[in-house]
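Working notes, beginning with the structure itself.
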């Protein structure tokens with residue numbers, strides 16, 4: 001009991017383990033020299049590149065359609081992210097059922113289809129309900145597809161440097177996404193929105209082919 005008459009809680013110990021590995025360039029380089037890690041890095045770079053192109057160019061496409069900032073915020077913000085919130089839960093459930101490899105392929109396929117649906121408005125189907133469905137469907141599929149990728153990223157993290165390895169893999173995803181985002185405007189300017197959305201879906205399919213052909217089930 002303390003001086004105010006309240007019972008003090010016993011000291012709690014935070015679950016942890018003593019650091020045994022000092023982070024340095026050797027730890028960094030060892031991650032990239034692990035057996036078969038190169039093809040997983042390739043997947044990390046490509047898996048979200050197509051999605052980034054589609055998502056980046058959908059915003060200016062909505063502007064070109066003449067939508068107001070409020071409408072764009074609702075379509076690409078509140079509605080889309082609400083669908084993504086639901087998709088993340090569904091993705092976690094499906095990973096448990098399908099396993100790593102099958103969920104990467106299956107949910108990646110759903111993401112490719114969602115990317116391709118961005119082509120629909122470029123064909124003249126630009127009603128507000130369709131724009132909502134396209135945006136929400138994309139974010140739903142994207143969130144589902146992220147879950148198996150994040151799960152495998154944790155699997156690929158070494159025990160004593162798990163936080164470092166996971167952060168490094170996230171950074172590789174961002175490298176691919178930033179590269180795709182940087183060139184997306186040039187792609188759309190050169191071949192139009194329709195071509196950009198088609199390329200985005202193709203890139204997702206490419207990553208699925210890589211996963212299907214080069215990974216064994218026991219690797220994922």
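From the backbone N, Cα and C atoms, a Cβ is placed for every residue, glycine too.
Annotated features, as they stand in TrEMBL:
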- 40-58: transmembrane segment (TRANSMEM)
- 70-95: transmembrane segment (TRANSMEM)
- 104-124: transmembrane segment (TRANSMEM)
- 130-152: transmembrane segment (TRANSMEM)
- 164-187: transmembrane segment (TRANSMEM)
- 193-215: transmembrane segment (TRANSMEM)
If you count CB pairs under 8 A between the transmembrane segment (70-95) and each of 40-58, 104-124, 130-152, 164-187, the winner is 130-152
Note: vs the transmembrane segment (164-187), the recorded stretch with the largest number of Cβ pairs under 8 Å from 40-58, 104-124, 130-152, 193-215 is 40-58
